[in-house]
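Visitor: Dropping the structure in here first, questions after.
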Amino acid sequence: MSNGKIRDFDEITSFLGDYGLFQILIMVLLSVSTMPAGYMGVIVVFVSDTPEHYCRSSNSSTRNGTEWEQGNGFHERDSWMGPDSCSRYKLRENWTEKAAGFNDTEQCLDGWVFSTDKYTATIVSEWDLVCDNAWKVPFSTSFFFVGALIGSFISGHLSDRFGRKPVFFFTMILQTVTALIQVTSVSWIMFTILNCLRGLGQISNFVASLVLGSEMLSKSARVTYILLGHSLGFGFGYALLPLFAYFIRGWRMLLVAAALPGFLFIPMWCLIPESPRWLLQKGRVEEAELVIRKAAQWNRVPAPEVIFRAGDCLELMQNKDEEEQTYTYMDLMRTHNIRNITILGVFIWISVAMVYYGLSLNSSNLHGNIYLNCFISAAIDIVVYVATWLLIDRAPRPTLLFTTLMFCGIMLLVIKLVPEDMPIMFQVLALVGKIGVSAAYCFIYVFFTELMPTVVRNMGLGICATAARIGAIICPYLLYMGLYSKILPYIIFGTASIMAAAVSMLLPDTRNSKLPDLLTQTKHIRRFSCCSKETLSTQPDATEGFKEVN
């Protein structure tokens, strides 16, 4: 059987064009649908921020649900205050006098008073998640990414088994409903469990929309969709977050405002079809042809009388060994080429996600206004997505990924040279470094979508996204370490970025290549030190693209 015909899906559907009404509609709808994922992933910056606080004395009153010391506002701190926010001087019967020696302290037995300058309430001020309970803040954030990890793992399998479209809409509903239920949380434990479910829905929906759109578009439109559509939708959602948070200062109502837009996307079920590539891979030829004919009607172009001949479809999506086969995650390790791509992808995605989310979630720790810092961080992402789209076809894929990650790593390591009394320079280098990792974060979705074959694409991206969540789970604790060593998180982020840059040069270039459909079409990596000379000599040149040594 000729391998040349296996690559003919784009050629068979080329009569649709690249940017007809159908393609534009798909790109716009799926891109807008990623906006909730953009702000849901980093909403913790405001929901879980720690306001200024100090120990509350037993002599206090309540005003509008906020504790105030009698006769004092938050900043009018009296003589009984302790040396830090986790202790106070022991009090005599006369509460205005310190204990003898002025050094005898005790824990905050009556709780804390929290500033309302920035927020009316966060989960920290509501459940006193400070001092001995401060570990619960990064834990709840990490648990969100635990949910994302689980979602990345199971959604890929479900999407490859039951279809891209059902998983996309189910996870959109899951993300929305979970956020609304989370608003009713009566304890930190309930909030954290629901945070996990929200993370599961968020990443599953994001990956499903990426794959669904990619498989319905030609190569040119696919790259535009991922970078200018999918990624920009995520970036604009991220940019909306500080705007919402500025006007909605309570964490419960902020979650409500973030959740409600999700319901607006449910009617899209009638407009977004199932992936024709997936339908063909499942042998549902008539349904796939119906999708293409509807696209032709939207684009007002004539369709051939027979789009997919039975023999063509068999050659297109199956071969004798793969006919009627159900694929599992083990198939990502089945052949030499797909195994190498998967292993390298796991390491790169862990590193990129850890650095990206570490710098994004660190907005509240940077010098200056938290709302402005968050908006600048989002604006950087938006500009970077456009710049990446302009550069993506002007350089080999591995070179572009290497350059962006190396740039980020160098900028973050240079921070070590900045004196601590120069917080502005510290902040500038961190934000400049984020330019590199933001470019890498959006670019790896394009790159690995092109590297993974259709039969395991969603599972492959799911495994990579699962690995990315491991990096995201780690990053809140790395930021927590910043309380003891401000520079340490940046050293770790910078080192991880440089290591990922080096590994990325092993990946094959997919520029100007068609999407592979079968495992036998997976490209081999450039050179791999573990491979024997005999193995390397039997592998085809990278320019041949769609051949593989099993």
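A Cβ is built for glycine as well, from the same backbone N, Cα and C atoms used for every other residue.
In case it's useful when we look at the structure, here is the feature table from TrEMBL:
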| type | residues | note |
| --- | --- | --- |
| DOMAIN | 96-512 | domain 'Major facilitator superfamily (MFS) profile' |
| TRANSMEM | 21-47 | transmembrane segment |
| TRANSMEM | 137-155 | transmembrane segment |
| TRANSMEM | 167-191 | transmembrane segment |
| TRANSMEM | 225-248 | transmembrane segment |
| TRANSMEM | 254-272 | transmembrane segment |
| TRANSMEM | 340-358 | transmembrane segment |
| TRANSMEM | 370-392 | transmembrane segment |
| TRANSMEM | 399-418 | transmembrane segment |
| TRANSMEM | 424-448 | transmembrane segment |
| TRANSMEM | 460-481 | transmembrane segment |
| TRANSMEM | 487-507 | transmembrane segment |
Visitor: Between the transmembrane segment (167-191) and the stretches 21-47, 225-248, 254-272, 370-392, work out which stretch tops the count of Cβ pairs under 8 Å.
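Guide: By Cβ pairs under 8 Å, 254-272 leads among 21-47, 225-248, 254-272, 370-392.
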Visitor: Test the contact criterion for the transmembrane segment (254-272) and the transmembrane segment (21-47): 3 or more CB pairs under 8 Å, pairs 6 or more apart in sequence, then answer yes or no.
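Guide: Yes, these stretches are in contact.
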Visitor: May I ask which of the stretches 21-47, 225-248, 340-358, 399-418, 487-507 has the most CB pairs under 8 A with the transmembrane segment (460-481)?
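Guide: If we count Cβ pairs closer than 8 Å to the transmembrane segment (460-481), 340-358 scores highest.
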Visitor: Using a Cβ distance cut-off of under 8 Å, indicate which of 21-47, 370-392, 399-418, 424-448 has the most pairs with the transmembrane segment (487-507).
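Guide: Most contacts with the transmembrane segment (487-507): 399-418.
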Visitor: Same chain only, please: residues at least 6 beyond the ends of the transmembrane segment (21-47) with a C-beta under 8 Å from a C-beta of the stretch. Say none if there are none.
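Guide: Contacts of the transmembrane segment (21-47) (Cβ under 8 Å, skipping residues fewer than 6 from its ends): 119, 122-123, 140-141, 144, 168, 172, 175-176, 179, 198, 202-203, 205-206, 209, 212-213, 216-218, 221, 224-225, 229-230, 232-242, 244-245, 251, 254-255, 258-259, 261-262, 265, 268, 271-272, 294-296, 298-300, 357, 360-361, 363-364, 370, 374.
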